[in-house]
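Colleague: Okay, so TrEMBL annotates it like this:
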{"type": "REPEAT", "residues": "32-73", "note": "repeat 'WD'"}
{"type": "REPEAT", "residues": "74-113", "note": "repeat 'WD'"}
{"type": "REPEAT", "residues": "114-153", "note": "repeat 'WD'"}
{"type": "REPEAT", "residues": "184-209", "note": "repeat 'WD'"}
{"type": "REPEAT", "residues": "210-251", "note": "repeat 'WD'"}
{"type": "REPEAT", "residues": "359-391", "note": "repeat 'WD'"}
């Protein structure tokens, strides 16, 4: 892990200066530098009113999105904060001190301490009135949010558990033989042992083990409608899995370095207009066809981001121009925002792939980004949270009027980047 720079003596400083870059200058609206160590994560509340940052200095801070002011300092962890999640009424943080804490967002008071992990807690996820966590102690856990007690301990990984995702019971098939097992939903975990596992939350049992990666699983996202998990690994591949059957569906094989982050994008009419292959590739839509394809973005140590058709594995586009590993991704309103180890954030036009703006100012890697309204928020290991104006980003022109709708499932004939799935090994 990079060193922990000392940022003592800094305060919240409004910085009104142009940010040099392509497509016109962006505006660094504020530099929030109250933390005295690198910021490891940044979370936006569901209502968009607050931000939460977790830092190497052992604290978390709440910020107002309205003016960028620090609302509360959350103190109590005995080591650095690894991750955080902000809900409308509570904030959650986890730490290298092996604990998770729940905080009141209005007072900053610690409401609950969750104890039980025996090593660094890597990630937390709050969903369906449950708290899930992953740890270097090779376990994941489910907790009662209100009581702070462990509901289940998920054991089976042979190494550190890094990443988490959850699928609620109402998003799962309603087959009578499955109802009881799926009553609590499914938890998916990714580990440095090279596997992902699917767990039945109601029973704590392992439902499937997803084997195929030859390196650590660093990131994962779920596509709810298709019950598909996408995992990214140090083996430079992304793999798609049916989490109900455990079947490996496809392998995406064009990256030349570790896949560090993933972003899933639902298919909508808006995103269809924003992300279109060349017109020569398009075919007319057959009667009854719908725009059902989804996109997955992957950020890699090879300094690129790639956009893929989730349902086929086709690579739609590559976004280059980064000077180091891509560490963070966020798609918003036709623009792909990236954070990199070169300490810069970038805005790409999602339709054309053109680089529209470079946001310069951070001194170290950007660990996390969020977008709300017309503001980009970047959190860095230099200890600062920066707010950038993104109003007026140049956009590629929309499709010409009268262009017929197309089904992206019919766009390509080739299967570049999509390898045949390997046979599933027994759990």
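Here the Cβ of each residue, glycine as well, is placed from N, Cα and C on the backbone.
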Colleague: Counting only pairs 6 or more apart in sequence, are there at least 3 Cβ pairs under 8 Å between the repeat 'WD' (114-153) and the repeat 'WD' (184-209)?
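Modeller: These two segments touch.
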Colleague: According to DSSP, how is the repeat 'WD' (32-73) divided among helix, strand and coil residues?
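Modeller: Once the DSSP states are binned, the repeat 'WD' (32-73) shows 0 helix, 22 strand, 20 coil.
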Colleague: Can you work out which residues elsewhere in the same chain, 6+ from the ends of the repeat 'WD' (184-209), have a Cβ less than 8 Å from its Cβ atoms?
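Modeller: Cβ under 8 Å, 6 or more out: 127-128, 130, 132, 134, 138, 140, 142, 152-154, 156-169, 171-172, 215-220, 222, 229, 231, 233, 235, 241, 243-246, 425, 427.
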Colleague: Where else in the chain does the repeat 'WD' (74-113) make close Cβ contacts, counting only residues six or more beyond its ends and a cut-off under 8 Å?
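Modeller: Those are 4, 37, 40-47, 50-62, 119-126, 131, 133, 135, 137, 143, 145-146, 148, in sequence order.
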Colleague: Using DSSP, tally how many residues of the repeat 'WD' (114-153) sit in helix, strand and coil.
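Modeller: Summed over the repeat 'WD' (114-153), the classes give 0 helix, 24 strand, 16 coil.
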